[in-house]
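**Student:** Below is one structure. I have some questions about it.
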Amino acid sequence: MSSSINSSGSSRSSCGLCPFAVQVIKGRWFTVFASFLIMAGAGATYLFGVYSKDIKSTLGYDQTTLNLLGFFKDLGANVGVLSGLIGEVTPAWFVLLVGSAMNFAGYFMIWLSVTEKIAKPKVWQMCLYICLGANSQNFANTGALVTCVKNFPESRGVMLGLLKGFTGLSGAIFTQLYLAIYPNDSKSLILLIGWLPAALSVVFVYTIRPMKAVKQQNELRVFYHFLYISVSLALFILAMSLIQKQVAFSQTAYAGTSAVVCLFLFLPLAIAIREELVLWNLKKKPVDPPTEVSIEKPQEIQEIKDDSDLQVQNTKSTTCFGDICNKPERGEDYTILQALLSMDMMILFIATFCGLGSSLTAVDNLGQIGESLGYPTKTIKTFVSLVSIWNYFGRVFSGFVSENLIVKWKVPRTLMMTFMLVLSSLAYLSIAFPFPGSVYVASVIIGVSFGAQLTLLFTIISELFGLKYYATLFNCGQLASPLGSYILNVKVTGMLYDREALKQLAEKGLTRSSVKELTCLGGQCYRLSFSILAAVTFFGALVSLVLVMRTRKFYKGDIYKKYREAA
């Protein structure tokens, strides 16, 4: 008798858990958790400084050729127009699957080439492989990031900061994982960044989808809880990176470190379950009998119409390329061509060319900078890991800080971009004219400013041009960075580095054909090139000041008013 009662009680409990589990998996907060994991795997391009040395030595490239590969890596990572256009007409799961296939194909071919499991590929083939692998992160951005921004329109600055922050941490996360899985084998790191991000996208492919935005009073508090977890993760990785530089870790120690990293990555799931439990309990509350006065919904679950409904009501029905000359007010939904041909977008293009183009150049050359200044290999890997961590802090805090500045003091978000560009130019000067520990200082500043520029760029585009065609517009907005990277990295930094290296060979009585790898040693290797980067970035800061003046009145108003009015 008692056993039957127990069995019936347990069956009721399991039946109650099943609908709740379904609600969690289908909920907005689980989408955020899944997006965090996908974005944490979408930053493999920032590890180029770790494995580029293997490509250079194995395939016998000079610095100009290596920088050409770096350009195609940046080209793939930043030209996401295709993924944006695909995202406009296909569901998020399809976008994520395409990106997953591209990621694995590109990096797997690079790994086969570097481990010499296939014949030495031509330079154009390596450029194609790395461009294909890097371009996959745009599909992750379009599938996960754009979906989350549309699901949380009033918290877009915070949401973008967190998501791009996890991408910024990606390099440091991968470094810890590969030290545990493939110890001291940087070639296998290429294999890891080929299969792991692809697997993450496949596992969570059906949980990422747009849904009606639900305004919760505690929404910002929840995002701060996510922030605390991600900051703790970043600080833990920072501590481990510094300790591993001083102490020789065993394989077991690396495995333990990686286990803690994975624990931090899955902690947001607990917050997602907690928030869904709150909504679950609200739904189960008894409702009073209806009276003549209509009953209001609880504030916790007041729904606002989704973005597409708002666009139908508030704007005329236009095609994505229509009404080029008849531009709406800032903050309303621009068509693609209206946005691309606007003066605001052109100013953003120039600032991005100067700022992100220089930042990408600095990050790609960080390994060779450390080598030229005589730092050991282990320390150089620490530089790259530090850039990834500070990149995270720049992305996250630029989102939270700029959001608070707008809400409390109406400070234009564009002004923060100007400040970051000025900060970057100072970092480049510290590399051009090195002093003891200057690379450590530069890696911090470059990481913070680089991350902040990305978050600010994506948020500014969403605020000035609306969310209707955001999937395409934010991908178009970063097109200037690969162009800047090509000119500043390949045509300036790479060529000046090779010129200094050839000078050193001539002084030794050698020619280019005498050595397999062209290497430059000394502070003069990057002096002229990084002085140029500092000047270009400062010019970008002056240009961005024009946008600050143009948007000052817009940011003085209530930029999220239409979303609140629809609540």
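Heads up, the Cβ atoms here are built off N, Cα and C, so glycines get one too.
Bear in mind that TrEMBL entries carry predicted annotations, made automatically and left uncurated.
Dumping what TrEMBL says about this protein:
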DOMAIN    28-273  domain 'Nodulin-like'
DOMAIN    342-555  domain 'NFD4 C-terminal'
TRANSMEM  29-52  transmembrane segment
TRANSMEM  64-86  transmembrane segment
TRANSMEM  92-112  transmembrane segment
TRANSMEM  160-182  transmembrane segment
TRANSMEM  188-208  transmembrane segment
TRANSMEM  220-241  transmembrane segment
TRANSMEM  253-273  transmembrane segment
TRANSMEM  345-363  transmembrane segment
TRANSMEM  414-433  transmembrane segment
TRANSMEM  439-462  transmembrane segment
TRANSMEM  528-548  transmembrane segment
**Student:** What residues in the same chain, six or more past the boundaries of the transmembrane segment (253-273), come closer than 8 Å to it by Cβ-Cβ distance?
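**Tutor:** Beyond its ends, the transmembrane segment (253-273) has Cβ neighbours at 24, 27, 29-30, 32-33, 36-37, 40, 173, 176-177, 179-181, 183, 222, 225-226, 229-230, 232-233, 236-237, 240.
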**Student:** Do any residues of this chain, six or more beyond the ends of the transmembrane segment (528-548), have a C-beta under 8 angstroms from a C-beta of it, and if so which?
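**Tutor:** Contacts of the transmembrane segment (528-548) (Cβ under 8 Å, skipping residues fewer than 6 from its ends): 344, 347-348, 350-355, 357-358, 361-362, 412, 414-415, 417-418, 421-422, 424-426, 428-429, 431-432, 488, 492-493, 496-497.
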**Student:** Checking distant contacts: for the transmembrane segment (92-112), what same-chain residues at least six beyond its ends satisfy Cβ-Cβ under 8 A?
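**Tutor:** Tertiary neighbours of the transmembrane segment (92-112) are 38, 44, 55, 76, 83, 86, 118, 121, 126, 129-140, 142-144, 147, 187-188, 190-191, 193-195, 197-199, 201-202, 204-206, 208-210.
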**Student:** Do the transmembrane segment (439-462) and the transmembrane segment (160-182) come close, with at least three CB pairs under 8 A (pairs 6 or more apart in sequence)?
**Tutor:** yes
**Student:** When you scan the chain for residues with a C-beta under 8 Å from the transmembrane segment (345-363), skipping those not six or more beyond its ends, what do you find?
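**Tutor:** Hits for the transmembrane segment (345-363): 46, 48-49, 70, 74, 78, 339, 387, 417, 420-421, 424, 427-428, 431, 442, 446, 449-450, 453-454, 457, 460-461, 465, 477-485, 487-489, 492-493, 530, 533, 536-537, 539-541, 543-544, 546-547, 550.
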**Student:** Count, for each of 29-52, 160-182, 220-241, 414-433, the Cβ pairs lying under 8 Å from the transmembrane segment (188-208), and report the range with the highest count.
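**Tutor:** Counting Cβ pairs under 8 Å, the winner is 29-52.
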